[in-house]
């Protein structure tokens with residue numbers, strides 16, 4: 001006696017249920033984005049807190065190694081980002097809408113999930129934690145510059161903890177926007193802010209550097225001891241890794257673009273990526289080199305904290321950083337919301353409702369706020385998360401998947417380039433988090449919780 005196949009109407013109901021879920025989840029619910037949506041989403045994702053930490057990374061690496069690492073990272077990450085865009089629809093009739101879906105196709109259903117999802121969560125959750133700290137620090141700096149510096153009676157010192165809470169409070173309502181396309185205006189404004197404050201940092205650093213060259217600016221490595229210099233280099237490498245993070249959301253961004261056999265999504269997506277990377281080059285190279293040129297090894301972990309005059313302009317730049325990381329937080333949170341809601345609906349059988357979204361997303365915002373308030377170590381967090389999470393998903397996992405799926409001829413130019421990227425990425429993953437963890441430990445020695 002043979003087995004009976006599922007009734008057609010039962011299969012149709014299951015397919016309809018999955019389609020309804022896809023229409024509700026944040027990554028797949030809207031596919032009408034234009035090419036310029038991908039441009040400002042990628043700018044918002046990449047030109048964030050990381051760019052402000054590049055002069056500090058230069059102070060740990062020095063001129064020679066610093067320039068090489070920043071330029072090399074730009075070239076490698078542009079190449080691996082191109083690979084991701086190409087692989088989004090490499091199988092006819094199928095779209096890999098999420099990073100882990102591509103990983104599952106390459107490595108297998110279970111192994112791919114375990115390889116990609118933990119790394120992606122480290123990056124996205126880690127970035128949102130750093131942005132909690134950055135948003136709070138920027139608001140605090142604006143308060144100090146505009147209120148404290150101009151008051152003849154002084155002003156009350158407000159803890160960083162409270163500024164982080166103010167930043168987080170904005171995200172409780174913002175996180176209820178359903179999908180990427182619904183936050184496109186927020187992301188576009190954030191992209192404009194990132195370009196503007198980067199140019200402010202570049203110009204003011206350049207002017208200050210040119211004016212004080214008659215004084216002594218020390219370009220020696222930041223640490224004075226050999227062991228300190230070694231750990232500083234490792235932390236600097238991680239900070240550079242942190243600044244190239246767009247790969248972790250690129251497939252999710254591309255999923256919002258419509259696609260047909262005649263006009264695949266990779267064409268408008270790549271156009272947006274090229275525009276985004278042109279802006280990235282302008283911001284990264286100018287801020288990194290001018291900030292280090294102006295302050296040498298005394299530059300602060302956030303270069304805007306080193307700049308004091310003109311007061312109104314630096315306050316405006318910090319306000320722009322605050323507005324930018326509001327958008328950046330949402331860009332990195334959206335794939336996390338997608339994962340959380342998928343698990344709650346598919347595995348735990350919750351109904352896909354507004355109330356589920358409210359509780360799940362608010363809990364995530366509260367969790368990142370709590371961690372940010374507890375460990376507000378900007379420079380150490382950049383190095384640790386940059387090396388531990390960003391290097392694998394940005395530098396070498398795309399190359400491994402490319403070799404597995406495209407199978408270029410052994411020892412061909414393409415094969416050699418991918419092998420080099422893999423070796424560099426693995427080395428960075430192995431060594432750079434050490435420096436970030438040491439920096440966190442050093443910062444923690446003099447830190448008072450919730451101070």
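Keep in mind that glycine also has a Cβ here, set from the backbone N, Cα and C atoms.
The feature domain 'Amino acid transporter transmembrane' is assigned by TrEMBL to 32-435.
Same-chain residues lying 6 or more positions outside the transmembrane segment (35-57) and placing a CB less than 8 Å from one of its CB atoms are 66, 69-70, 127, 130-131, 134, 180-181, 184, 187-188, 190-191, 194-195, 198, 201, 205, 235-237, 239-240, 242-246, 249-250, 253-254, 256-257, 267-269, 271-273, 275-277, 279-280, 283-284, 287-288, 290-292, 295, 299-304, 306, 321, 324-325, 327-328, 331-332, 378-379, 382, 386. What TrEMBL records for 35-57 (among others) is transmembrane segment.
Residues or ranges marked as transmembrane segment by TrEMBL: 63-82 (among others). Long-range contacts of the transmembrane segment (63-82) within its own chain (CB-CB distance under 8 A, at least 6 residues past either end) are made by residues 54, 57, 219, 233, 236-237, 240-241, 243-244, 246-247, 250, 270, 273, 277, 280-281, 284-285, 288-289, 292, 394-396, 398-399, 417, 421, 424-425.
Taken from TrEMBL, the feature transmembrane segment covers 160-177 (among others).
Taken from TrEMBL, the feature transmembrane segment applies to 183-203 (among others).
Per TrEMBL, transmembrane segment is recorded for 274-295 (among others).
Annotation source TrEMBL lists transmembrane segment at 315-337 (among others).
Annotation comment: TrEMBL describes 358-378 (among others) as transmembrane segment.
Taken from TrEMBL, the feature transmembrane segment covers 384-403 (among others).
TrEMBL lists 415-435 (among others) with the feature transmembrane segment.
Non-local neighbours of the transmembrane segment (415-435) in the same chain are 60, 72, 76, 79-80, 231-238, 241, 383-384, 386-388, 391-392, 394-397, 399-400, 402-403, 408-409; each lies 6+ residues outside the stretch with a CB under 8 Å from one of its CB atoms.
Using a Cβ-Cβ cut-off under 8 Å and counting only residues 6 or more beyond its ends in the same chain, the transmembrane segment (274-295) has close neighbours at 36, 38-40, 42-43, 46-47, 51-52, 54-55, 57-59, 63, 66-67, 70-71, 74, 78, 81, 191, 194-195, 198-199, 201-202, 205-206, 208-209, 212, 217, 219, 243, 246, 303, 306.
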